[in-house]
Amino acid sequence: MGLLKRGLSNSENSDTEEQEMQSDSSDSSDVSMTDSEDEDQNDGIEVNNATEAESSYLNNTDDNEEEEEEEDEVIKAIRRENEKQRDHPPPIVCEDFITDISFHPHEDILAVGNIVGDVIFYKYTNDENTIMNTLEVHTKACRDIEFNHDGKILFSIAKDKTIMLSDVETGKLIRFYDNSHEVPAYCIRILDEYLFATGDDDGVVKLWDLRVKKDEKAVFSLKKNEDYISDITSNEAQKYLLCSSGDGSLTTIDLQNRKFFMQSEEYEEELTCLGLFRNETKLLAGSSKGKLFLYNWNEFGLHSDAFPGPKSAINSLIPITENIVVTACEDGNLRATHLFPHRHLGIAGQHDLSVEKVDICNTGKFIASCSHNNDIKFWNIEYFEEFEKVSHKHNKHNKKKEMEHNLPSSKRKNVAEFFSDLNS
């Protein structure tokens, strides 16, 4: 019995072990199949992810290439602008505040007056500007400088109340007028070989004759204005001397008889500068409110026409042609205006700060302007010859666009012009 029990027990154990082995085999098989399926699914996911990543990379690469191409075109456009051959002299940056500039009538020389009383002569070319000479002529700030008609003498006035005549070639002082006015003179105008006129801060105008050497006194003096004399001009006939003033009036002096002729009405703004047009038959005056007043010659009592501007003070103006004027404005812009018919042509140049003076060179190719930034910039204005004939057709809605339009001499390009090459 013991043996039988023992045998049965062994048999049961054997069956149990066999069942367990079968069970283990079945479990192992199940696990193996499940793992294999999971691995296949993971492989599929990895392949899909790789495909998507590759596609995304290719798309990003294409986008980057397009952006690089666009950027390259912009850089190319900028480079083309920078590589254009210079058609005007480079800017001049001065140490001291610039009070006035004046071009030599026959040579490529620019005279610069400054706040410490010096006059600096620059020789200019398209490549560089070189200092020829520096004259320490005044003890206080220069107010106005001007070459005589042959360019051999430079006239200068200053806050020290003196008038200096300097030899341009040697730099030596030729003549000296001390205490020329009771208050400092503000402007000077050379009339001919012997005569010149000055106006001061109190509204006094004086006429001087170089042939009169006794006591160095003026040959004529007149006070009709209550504020400073801002500018003086005359025509070739020199019958009249026109004087603009800070009191808003225009005073006319009879030069031939050396007496007062007439005075205009007083405007509600300062008259700051003067210029002649249409073969000296028209007088143009700029104002502190940005307006331009036009007078017929011999009819100086009242303007014949008035041209509104951008309401920024006009500090200086220069005739470019018989029909075109460039004004130097307090907002830092040089604006070109066609007078007959009246049209705003656009902006001929810009400074960061107020533009104080503007002048035109002996060939008429350049104008130069100075600003409160102590800088002088040159602008090539040859293209104005093409603007001589301007259509009378004018859309008032285009007025603002015309005033903001950048002309070829301007340092800033119109957006449409700058990017026109990108679409070609």
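Note: Cβ is positioned from N, Cα and C throughout, glycine not excepted.
Residues or ranges marked as compositional bias 'Low complexity' in TrEMBL: 22-34.
If you look up TrEMBL, you'll see 48-58 marked as compositional bias 'Polar residues'.
Summarising the annotation, TrEMBL assigns compositional bias 'Acidic residues' to 62-73.
Residues or ranges marked as region 'Disordered' by TrEMBL: 1-73.
Annotation source TrEMBL lists repeat 'WD' at 135-176 (among others). Secondary structure counts, DSSP: the repeat 'WD' (135-176) has 0 helix, 23 strand, 19 coil.
The feature repeat 'WD' is assigned by TrEMBL to 192-218 (among others). Helix, strand and coil counts under DSSP for the repeat 'WD' (192-218) come to 0 helix, 12 strand, 15 coil.
Residues or ranges marked as repeat 'WD' by TrEMBL: 348-382 (among others). Sequence-distant neighbours of the repeat 'WD' (348-382) (same chain, 6+ residues past either end, Cβ-Cβ under 8 Å): 87-108, 110, 112, 124, 315-320, 326-336, 407-412.
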Cβ contacts under 8 Å made by the repeat 'WD' (135-176) with residues that lie 6+ beyond its boundaries: 99-107, 109, 111, 113-121, 182-190, 192-193, 196, 198, 208, 210, 216
PLDDT averaged over every residue in the repeat 'WD' (192-218): 95
